[in-house]
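K.L.:
Here it is, the structure, as structure tokens.
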Amino acid sequence: MARAINSAYRSFINSSATDDRRTRMNAPRSLSALSTTANPALSTLVEQVCALIAPNWPLDRMIAVSPYWKRIDKPFAQAAAELKQLAASPMTMTLSDYHLRWQNKQIQSADLQQAIAEQNSDLSESTLIAALQQPTAPSHPWPLLCDTVDSRRDLEHHPAWNDAITHQISQFCAAYFDHHQADWSPDQQTGLFATWREAMIHDRSITLLLNETSVKQKATKLPEDAMAAIEQTLAQLAIAPAQQETYLQAVLMRISGWASWCAYLAWQAGFEGRHDEHLRDLLAIRLCWENLLDDGERGMGSVWLQWQQSWAPRQSCEEDRALRIALLWQRSAEIAYQRQLFAALTSAQESAPQSSYPEVQAAFCIDVRSEVIRRHLEAQSPHIQTLGFAGFFGLPIRYQLLGTEASRPQLPGLLAPSLIVSDSTGNEDQDAKLALRRRARLKRHFSWRAFHHLPASTFTLVETTGLAYLTKLLKRTLSYPALSASVERFAFTEHEWQSVKPQFTRDPQTLAQRAQMAANILRALGIATEQARLVLLVGHGSQTQNNPQRAGLDCGACCGQSGEVNARTLAALLNDQAVRQALPEYGISLRDDVHFIAALHNTTTEAMRLFDRHEIPTSHREALEQLDQQLTAASHGARQERAPSLELNHNHQAPPSKDNALSAQQLEQAFLRRAHDWAQTRPEWGLTNNAAFIIAPRQRSKQAKLDGRVFLHEYQPERDPEGQLLTQIMTAPMLVTHWINMQYFASTVDNRRFGSGNKTLHNVVGGNIGLFEGNGGDLRCGLALQSLHDGQGWRHEALRLTVVIDAPRERIEQVMASHRVVEHLVKHEWLYLARFADQGIEIYLQGTWQRITQPSSDSSAR
């Protein structure tokens, strides 16, 4: 890849190592400058505890994050045992979920036997089956002092301290970090902990709510320094050094949502070379609540002694039989999926026809939602070739909105942008005039919005503006244009928007640098030596209303934004005649008649839009007309495939039958209505049910129906003898797919802690920080239940990612040996690694490659 791209990947790869070179992936530099008032050993311990918290991005940049990311240096089973002990957080589905799959024969006896053999378990198949009928004992988190206090409290008439503490910290953090919604926020000059301490001294709400007068007085005795407060509390509660790490982890897990937000702030600070201590301060705040609840009594019958005694049965992470059973069922479910996936891929290799010379090439994002429409587009003609590539198309860019100071990253959240693009007409004077007009419109709009947010505006807005505003409300409710207004188009007229397109700003980007970037992107796309006359660069975005988590449905590789900017920027770069003339210096010659077209795949409605059509040469118009028809047909096919999961495949006024199936136009309108329905909690299923990642030529999987469960990345092993491209894929896109997979996994198995609960109860916090479920509790991270469950059952099956690569063993093993983060993911079973081998599949288990023997010829991966 180009140096600019390669450096971005390299910065990610270097920061991924879990060895002594700890950087922003595992222990952000921003946590290294701890207070000098604490002893060095405690400072190191606090840093290690804080480093276990994965970051959570804000709503407007919502990308998938694995909440387990900082624990991958331990085996999956060990992490599961620790989280169960610390936070009563499960890392498997429930036994009732496995029971349903067993009854439906999704999990078969052979799957159970294989799981038992892999783990060398002493548990028998009959024991596992019998466990499905037995009640599961509830899990409890590592007890804090507040739990023991609550055990002696009349909770029918008084609120629990545990809940009240979470609520107080959460409300304080919401006000402290809010820069958008609140009319007032606490002073941030003294830091999070010191500001909280000051608030506790003067805030009477806790005293009134909980009828506890001593809290305010005790708060005055807390040290002003966070590390000093941590040290004092550990000493006061007599936490032995051997227990401190576990105890501090348990404390921080009680406020894990805000901890993830603070970890994000530390992550961003690390990118900028700054120090950030918010996460340490948050730990100090939650720990000091234990201090405030301590009555000082230490004798027989005291709260403190009862609390200490409750630790006794929890002193070690010994084998938990119930957990072992659950983990074996989890592995059996994964084996069941792998059995079907591997059969489908083996069958696809046997039936794959010879590829023909492409007339159209279409590069899509690796997103699982692309698999469905790619398959339907390929079905339109044997001369259409589709490719898979990370949706930011290798451009490490930040997008600057014309006429504003607003900008946003358009690349994976793991990376830092190094280039800037902005909208331009190609004429500086016109750009300046356009920016001026846009700023004036924005000023008027936001002055009007300020009125919206006045306290009384809820009651006076319609009365003040009369029928004019009522008409606007009705239009927004009843109309559904094919493309909703986006941030990029906001405050532009349609004519103005059509006159601009994203372009690189004037910076040190020389022609040579742009040409080298273009050459290496073409190589990574796999079209350096062969191009069709028309090459589509297809970004993707979603279309929903009244959805604060909308960014989670957009392109994760573009940091939760639409991929339009990246696709249009790359198309402009590759169509630039000066760049094309310079490409031979980098070993690439494009055919003279190739034209690159930017496109956008609307994943909610399955619509496909082509951009900058006026720039397409007249010599390509006939081919373009044919392509339009093929795209329309592919969109309809994708809608038909998705319709049953959305209950849109029939006229609901009559029983389902062939006679009342919706026409193509009716189906399109049904999808549009759903996209514009303010009350729709499930506009689309996003990446629900993702389960695998294939790194191989499309020909390897083209004949397999993968049901939108598989990420697809183009890789041609014969063109990568040194393994450089495979290294980039396994250390960047593969890790991103792992994050996505684990976000969906965690939100399913533990939605209370790693999901965001009921979407209908969501309230936005701080403009874009995150969500509350209702008006309090911890900050909610991850996916809402409605994104995973249809009201009857789970739409997402929580399975660890299966990665299938078309490459020699030695090349794959070299990547693992060179990059510890990859080695940890594979050898600690956070994902599974397999490879194509001689018309079959082999999988890497317990350090060896094992040939897969297929008992079935089933050709669909369900």
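Any Cβ shown, glycine's included, is placed from N, Cα and C.
When I checked Swiss-Prot for this same protein, it listed these features:
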- Cys365, Asp367, His540, Cys555: Zn(2+) binding site (BINDING)
K.L.:
Quick one: give me the count of other CB atoms within 10 A of the CB of Cys365 (Zn(2+) binding site).
P.N.:
28
K.L.:
Taking the centroid of the Cβ atoms of Cys365, Asp367, His540, Cys555 (Zn(2+) site), which other same-chain residues have Cβ within 8 Å of it?
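P.N.:
The surrounding set, listed in chain order, is Phe364, Ile366, Arg369, Ser370, Gly391, Gly539, Gly541, Asp554, Gly556, Ala557, Cys558, Gly563, His601, Thr603.
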K.L.:
Indicate whether His540 (Zn(2+) binding site) is helix, strand or coil by DSSP.
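P.N.:
His540 (Zn(2+) binding site) sits in a strand per DSSP.
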K.L.:
As a test of the contact definition, list every same-chain residue at least 6 positions from Cys555 (Zn(2+) binding site) whose Cβ is closer than 8 Å to its Cβ.
P.N.:
Cys365, Asp367, Gly391, Phe392, Gly539, His540, Gly541, Gln561, Ser562, Gly563
K.L.:
If you draw a 10 Å sphere around the Cβ of His540 (Zn(2+) binding site), how many other Cβ atoms fall inside it, taking every protein chain shown into account?
P.N.:
27
K.L.:
What kind of secondary structure is Asp367 (Zn(2+) binding site) part of, going by DSSP in three states?
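P.N.:
Going by the DSSP assignment, Asp367 (Zn(2+) binding site) belongs to neither helix nor strand, so it counts as coil.
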